[in-house]
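Next up is a structure, given as structure tokens.
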Amino acid sequence: MRYLVISLFAVSLLMAGSALVGNAADAAKAPKKAIELKHGTSKRMHVMFNHTTHKDIACEQCHHDSPAPDKPYASCTDNDCHATPGPRERDTMSMFVAYHAKDTDRSCYGCHKKMAAQHPEFTGCRPCHMSQQARKEAAASEKK
């Protein structure tokens, strides 16, 4: 019994270690520059998304469909994943819902809502939707 417990513990450590290595490899593939998400009707509603800021979150949290094991994660609108048109469609396949679903931490809004207690700056729309910080990042990425 003792050897069984020790063996199971060793196997669980190996599995946890390999998961961490996988996340590190995924993080290395992530884009270094901020990405402007242009799915709103107004440029003021665009979002500057920086993968580096979100490096402690597993890629699968947002990119829940990987196109192929050897290919990096696809954009939300690739392969018609969240391509339903219309800014406020209640369809789970709409881009609006992918970003703004309230009751899940798989969406930007849901995750920020969950973390707002530790990070009060996560509340409201402006932290994402072309806030001063987002405008600075947009200007900096255009210069590069």
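Here the Cβ of each residue, glycine as well, is placed from N, Cα and C on the backbone.
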Of the residues HIS51, HIS54, HIS63, only one is listed by Swiss-Prot in the heme c 3 site with CYS108, CYS111, HIS112. Which is it?
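When Swiss-Prot describes the heme c 3 site, the candidate it includes is HIS54.
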For HIS64 (heme c 2 binding site), what is the tally of other C-beta atoms lying within 10 angstroms of its C-beta?
12
What does the structure give for the C-alpha distance between HIS54 (heme c 3 binding site) and CYS62 (heme c 1 binding site)? Integer Å is fine.
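Rounded to a whole number, the Cα-Cα distance is 11 Å.
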Of the binding-site residues CYS62, HIS63, HIS100, HIS129, which sits closest to CYS108 (heme c 3 binding site) by Cα distance?
HIS100
